[in-house]
Amino acid sequence: MSEKYGQGSVVKLYTTIFVLYFGEVISAIDSTIVASLLSHIASDLNELQNIGWVATSFLIGLAAFQPLYGKLSDIFGRKSVLIACNALFGLGCLICGVSYRLETLVLGRLISGIGGGGVQSLATIAVTDIVPLRQRGIFQSIETMCYSVGAGIGGVFGGVISDYFGWRVAFTVQVPVIFGSIILLWLVFDEPPRDEETEPLLSPTDETPTRKIDRVDFKGSAALVSTLFCLMFAISTGGSDFAWTSPIIIGLFALTPCLANLFIYIEKNCAKEPIIPVSLLTQRTIMSAALTNIFGTMAQYILIYFIPILFASVYSMGPVDVGKRLMANFVGTSSGAVLSGIYLARYGKYYWVNFLGCLLIAFGGVITLSITPHSLTILQYLTLLCSGAGFATTLTISLVAFVVSVPPNMQAVSTSIRNVSRGIGSTLGVSAAASIFNNILQDQLVENVKGPDAQSVIDKVRESVDIIRSLPKEYQIPVVESYDTALKVVITASIGIALLGGAASLCMREYSLHSHK
């Protein structure tokens with residue numbers, strides 16, 4: 001690998017990878033840190049009704065701009081764009097840390113999402129540049145574990161910092177760490193060598209800044225970002241901030257395909273160097289891998305979001321017991337990523353492994369439906385253990401499919417498609433499932449809960465699961481039954497979605513993986 005990298009040093013190679021993944025850990029911490037801060041922020045700013053925008057703005061920034069980084073880093077170089085994204089990420093955190101109004105905080109989270117999305121995308125792209133395809137699965141498994149660790153400790157870190165120092169410090173404390181990451185990138189990271197046998201992977205070093213700017217597809221970029229912004233905004237706010245039938249949501253969903261068609265027209269007829277070539281969007285393996293990512297991510301995020309609610313509401317578990325079972329997801333994700341990476345390195349095959357990953361996600365949902373509060377405790381852990389292993393497998397294997405199915409000069413762009421498909425899947429999965437769950441729960445509660453205080457009980461249990469355990473028996477039983485029914489519907493939906501991901505994966509072509517590109 002050192003020869004491929006051109007550094008002549010394995011130590012240099014692994015130091016570079018460490019620096020790239022260090023930035024991804026920080027970005028992952030930031031992506032989940034808000035979960036434990038929302039109540040503190042809402043109370044401090046007196047903005048409880050609008051507090052969801054803090055999380056929504058980050059997700060929109062993350063997903064809407066991710067497709068741009070592949071091509072931009074081809075033009076300006078991986079190092080320059082990585083440093084710029086880290087700078088944006090740090091600026092967003094700084095704005096959040098000095099915010100005393102919700103509008104400023106939302107702006108800061110939007111900027112953090114734009115920068116953090118670039119940090120995550122470019123870590124994947126840069127490592128793809130410097131390791132052989134056969135070894136890519138192993139490094140992807142390490143990346144998955146790094147992201148899982150960061151995402152896992154983000155909420156805890158935010159809660160501890162907020163309790164002792166205030167929620168603003170949870171953001172400002174990240175700024176010097178991000179600055180340190182920029183320094184490390186500047187000192188350690190070198191651009192990969194150009195591939196002279198095909199088109200150059202990166203811009204020639206002697207190309208003028210003006211020429212580089214001229215190569216940027218500004219019209220296509222604007223159309224693509226607008227398309228994803230409308231889609232993500234509608235998905236994120238529909239059913240929560242706005243009704244699904246509201247003119248705003250309907251208008252955004254109607255505008256999305258119009259903007260998508262505009263983007264396709266620009267890329268086919270106007271762009272000299274398309275930000276995403278239309279030919280990639282019709283390529284069989286790329287589309288199959290993207291759909292597998294979308295469906296697999298949707299299914300897994302539904303399970304991660306709603307299985308804890310099942311344990312708390314139907315099984316009457318406290319936060320500690322629920323947290324223990326959530327750890328199974330981390331174990332499953334880590335083991336699935338490592339095992340699939342080792343398999344890929346040894347055998348160079350990915351077709352059926354990707355399909356197996358989707359089946360494992362579905363199997364986690366099947367276990368969830370089959371158990372009861374009286375089932376063996378180990379089965380409760382197996383729910384997210386299986387789905388986590390399957391999800392990590394699809395992430396690891398599908399990335400290789402994205403990369404191997406295109407020439408070297410297209411690999412950064414195809415990786416960007418992979419990243420945005422994950423963002424769409426996570427947001428769409430949670431938002432759609434939450435809407436379905438809330439509607440069914442409301443209907444079930446109205447049907448099952450009877451008595452003089454029925455409406456008061458319904459209002460309370462829709463706002464807090466913890467109240468269920470303190471209800472009188474005549475109310476507690478129908479409330480638990482209502483939760484059980486609503487949760488089983490969304491978990492059943494996750495099984496079907498995971499199977500759709502498996503079906504999509506069967507449309508991939510299996511390319512030969514060599515030890516070196």
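Glycine too: its Cβ is placed from the backbone N, Cα and C atoms.
Bear in mind that TrEMBL entries carry predicted annotations, made automatically and left uncurated.
Taken from TrEMBL, the feature domain 'Major facilitator superfamily (MFS) profile' applies to 16-513.
Residues annotated as transmembrane segment in TrEMBL: 12-38 (among others).
Annotated transmembrane segment per TrEMBL: 50-69 (among others), in sequence order. Within its own chain, the transmembrane segment (50-69) has Cβ neighbours under 8 Å at 31, 34-35, 38, 41-42, 81, 85, 102, 105-107, 109-114, 116-118, 120-122, 125, 221, 224-225, 228-229, 232-233, 236-237, 240-241, 275-276, 412, 416-417, 419-420, 423-424, 426-427, counting only residues six or more beyond its boundaries.
Per TrEMBL, the feature transmembrane segment maps to 81-100 (among others). Listed by sequence, the residues of this chain that lie at least six past the ends of the transmembrane segment (81-100) yet keep a Cβ under 8 A from its Cβ atoms are 20, 23, 26-27, 30, 45, 69, 72-73, 107-119, 122, 126, 168-169, 171-172, 174-175, 178-179, 181-182, 185-186, 189.
The transmembrane segment annotation in TrEMBL covers 106-133 (among others).
Annotation comment: TrEMBL describes 145-165 (among others) as transmembrane segment.
Listed as Cβ neighbours of the transmembrane segment (221-238) (distance under 8 Å, sequence separation of 6 or more from its ends, same chain) are residues 52, 56, 59-60, 63-65, 67-68, 244, 249, 252-253, 255-256, 259-260, 262-263, 266, 275-276, 420, 423-424, 427-428, 431-432, 435. The transmembrane segment annotation in TrEMBL covers 221-238 (among others).
Residues or ranges marked as transmembrane segment by TrEMBL: 244-266 (among others). Listed by sequence, the residues of this chain that lie at least six past the ends of the transmembrane segment (244-266) yet keep a Cβ under 8 A from its Cβ atoms are 217, 219-220, 223-224, 226-227, 230-231, 233-234, 237-238, 278, 281, 435.
The transmembrane segment annotation in TrEMBL covers 286-314 (among others). Under 8 Å from some Cβ of the transmembrane segment (286-314) lie the Cβ atoms of residues 280, 321-322, 325-326, 329, 354, 357-358, 361-362, 364-365, 368, 373, 380, 383-384, 387-388, 390-391, 394-395, 398, 401-402, 405-406, 414, 417-418, 421-422, 424-426, 428-430, 432-434, 437, 465-466, 468, 480, 483-484, 487, 490-491, 493-495, 497-498, 500-502, 504-508, all in the same chain and six or more residues away from its ends.
According to TrEMBL, the transmembrane segment annotation covers 352-372 (among others).
Taken from TrEMBL, the feature transmembrane segment applies to 378-404 (among others). Within the chain carrying the transmembrane segment (378-404), a Cβ under 8 angstroms from the stretch's Cβ atoms is held by residues 124, 128, 133, 136-137, 140-141, 144, 285-286, 288-289, 292-293, 296-297, 299-300, 303-304, 307, 311, 315, 325-326, 328-337, 339-341, 344, 350, 353-354, 356-365, 367-368, 370-371, 411, 414-415, 417-418, 422, 498, 501, 505, 508, 511, 513, all 6 or more beyond its ends.
The feature transmembrane segment is assigned by TrEMBL to 424-441 (among others). Sequence-distant contacts of the transmembrane segment (424-441), counting only residues of its own chain at least 6 positions beyond either end whose CB sits under 8 Å from a CB of the stretch, comprise 59, 63, 228, 231-232, 235-236, 238-240, 244, 293-302, 305-306, 462, 482-483, 485-487, 489-490, 493-494, 497.
Same-chain residues lying 6 or more positions outside the transmembrane segment (489-508) and placing a CB less than 8 Å from one of its CB atoms are 284-285, 287-289, 291-296, 298-300, 302-303, 306-307, 310, 351, 354-355, 357-359, 361-362, 365-366, 368-369, 390, 394, 398, 401, 429, 433, 436-437, 440. The feature transmembrane segment is assigned by TrEMBL to 489-508 (among others).
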Best-contacting stretch, by C-beta pairs under 8 Å, relative to the transmembrane segment (106-133) and drawn from 12-38, 145-165, 352-372: 12-38
Confidence summary (mean pLDDT) of the domain 'Major facilitator superfamily (MFS) profile' (16-513): 86
Folded-back contacts onto the transmembrane segment (352-372), same chain, C-beta under 8 angstroms, at least six residues removed: 292, 295-296, 299-300, 303, 307, 310, 336, 340, 343-344, 379-380, 382-394, 397-398, 401, 488, 491-492, 494-495, 498-499, 501-502, 505-506, 508
